[in-house]
Amino acid sequence: MKLKRFLLRYYPPGIILEYEKGGFLRTKSIDLLDLTPETNPDELVEEIRQSEPLVTKAQADQVKQLVIRLQKKQTQQDHHRFCFSKELKAHILPLTNVAFDKSGSRFITGSYDRTCRVWDTASGTELHVLEGHRNVVYAIAFNNPYGDKIATGSFDKTCKLWCAETGKCFHTYRGHMGEIVCLAFNPQSTLVATSSMDTTAKLWDVESGEEVATLTGHTAEVLSLCFNTVGSQLVTGSFDHTVTIWDVASGRRVHTLIGHMGEISNTQFNWDCSLIVTGSMDKTCKVWETVSGKCVATLTGHKEEVLDVCFDLSGQLIATASADGTARVFSTATHQCLATLEGHDGDISKICFSPQGTRVLTASSDKTARLWDAHSGVCLQVLEGHTDEIFSCVFNYEGDTIITGSKDNTCRIWY
């Protein structure tokens, strides 16, 4: 094994090693999820050297400089105020979803008009219209970090794979017996996972266009799914009140997580793949251990259904959004509620952290999106202008651009 070079990853903090083995170029990452500006760089480099044989004494100083760069990035104050930049009359019928590519230079919108559209973020120009579905395009994704492919899932029961550069359709995946409501690429971009109203999830091969596996076991609609960051496991959440962890390579069920008393609204792995968080219509969130399948905490406090839940990138915080019009931020380690985000005048259907983990973004049926301080719970900004419910909000990778999607058939870009 021969180390070729180091690459820096800001969010979450880490160092990527690019090395040669058996004539092939490979990468592995050193995750520094607990890094703070106070961490002693020399001690950390010594720890890295102990655990990573590719990092030799000769490279210690180079690694130290990378650690210091990551710490510098952490100390940059996040005082960015977002200004409305553009409104895109994206579709003739309501939008269903919006998603960025890794760089944030392009984004996609799905719609009831049966199309997905690709946009240039900076200019607001439409680059491609992805046409071919015969019903609502509901689930959409780029194959980040590569960004050269797009997957679309439709109520016509098919998923399509497209070239992001040309808009050409590579494959149409057929096999689901019900509407496709969720999809994701694995991190290697070799598989697409889809989940459907037909109670199953499926895995599809990106190269060949073939079905790889059908994941059966749920007894009701499967409305959420998520790969872990290494792509070895997939988690699915269903209206049957359960969550299932699957082994991707074999398509076998690893654990069924039982305990919620209502439909599952969303489910997600943390970055190091050790925990799963689930949100449910039973007004609670639960945190589960991936290896054992045991529930380690139930996060309570919401008075109505929990409609969305997510980890921050480091996995240290959990945010929940509810139909009671509030959002909450919890500590992953202590399960304590750190902040209650109050101010919306309607359901909060979407929630996400900024890449830095310092801000929380919420989208509501009150026609606004709000930006909050993740630790104090103070509302920093109200993003106003949509004339109907906002159901989608996303940050780009750097955290300096936001896109909101609304039932008013438009999306708005905020810089």
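Just so it is clear, glycine is given a Cβ too, placed from its N, Cα and C backbone atoms.
If you check TrEMBL, you get these features:
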- 88-129: repeat 'WD' (REPEAT)
- 130-172: repeat 'WD' (REPEAT)
- 173-214: repeat 'WD' (REPEAT)
- 215-256: repeat 'WD' (REPEAT)
- 257-298: repeat 'WD' (REPEAT)
- 299-340: repeat 'WD' (REPEAT)
- 341-382: repeat 'WD' (REPEAT)
- 383-415: repeat 'WD' (REPEAT)
Counting Cβ pairs under 8 Å that sit 6 or more residues apart, are there three or more between the repeat 'WD' (383-415) and the repeat 'WD' (257-298)?
no
Summed over the repeat 'WD' (130-172), the DSSP helix, strand and coil counts are 0 helix, 22 strand, 21 coil
Counting only residues at least 6 beyond its ends, the same-chain positions whose CB falls under 8 A of a CB in the repeat 'WD' (257-298) are 12, 31, 33, 220, 223-230, 232-233, 235-239, 241-245, 304-311, 313-315, 318, 320-322, 330, 332, 335
Per DSSP, how many helix, strand and coil residues does the repeat 'WD' (173-214) have?
0 helix, 22 strand, 20 coil
